[in-house]
């Protein structure tokens, strides 16, 4: 069933911790991690109840969120499966298909959820793929659960690996670009603090330009580029360095790895 206010979060690493921080205001959370001190740390901050074992967490839950590493599934699944009764299982495991999950949990309702780290600030992306058609009530309940996390995208399972690469891993690549721009500012004479503030506001403003326009990013780029000016000189350098194809290949490499996890 996809109802009730009691949620077990299995695994309190980066993503499990982020979910606990965002959902604890609206749900009763039962937190389990094989490193008990990690779950206890969240309890001490008011983000749920740390459970000493899986049984305690799952027995108290209407919904179980599986936030362990994909490589840990085979070892953890027998015990988890033996404890599940009528709970809905929400899996955060990258590259782990519903069919694979069904081999371990054949009688359980399963929904794949792919969030990114920005959920910790309520500005994340959340990809959702259910194992079967949801009722109107179930859709509303799932949206209510996801609303504190960010923007929801309903996906076919064929698209979720691409979403993982683009939306899930993407922030890491954007941050590398931002880091590089800050270092460029330092190279041009700014101190690190000033350079970071300039870059942050520039990125924020650039996104604002895009969000408040129906223009293609390329059109806005051309608006910034004066004939024979500084911006076009920089854009030509980007082309000489194959930055555009480099960025595309970074995401494709991530997509390929996600597909490899799906076939393991």
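Don't overthink the numbers, they just go from 1 along the chain as shown.
A Cβ is built for glycine as well, from the same backbone N, Cα and C atoms used for every other residue.
Feature list (source: TrEMBL):
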- 10, 11, 12, 13, 14, 15, 67, 68, 69, 70: NADP(+) binding site (BINDING)
- 7-95: domain 'Pyrroline-5-carboxylate reductase catalytic N-terminal' (DOMAIN)
- 157-261: domain 'Pyrroline-5-carboxylate reductase dimerisation' (DOMAIN)
Number of Cβ atoms other than its own within 10 Å, given for residue 10 (NADP(+) binding site): 26
Binding-site residues (12, 14), the one with most neighbouring Cβ atoms at 10 Å: 12
Cβ atoms near residue 67 (NADP(+) binding site) (within 10 Å, other residues, all chains): 26
Among the NADP(+)-binding set 10, 11, 12, 13, 14, 15, 67, 68, 69, 70, as the record gives it, the longest Cα-Cα distance in Å: 14
Which same-chain residues, if any, lie at least 6 apart from residue 69 (NADP(+) binding site) yet have Cβ under 8 Å of it: 11, 13, 93
Tally of DSSP helical, extended and coil residues in the domain 'Pyrroline-5-carboxylate reductase dimerisation' (157-261): 88 helix, 0 strand, 17 coil
For the domain 'Pyrroline-5-carboxylate reductase dimerisation' (157-261), the mean pLDDT of the predicted model: 97
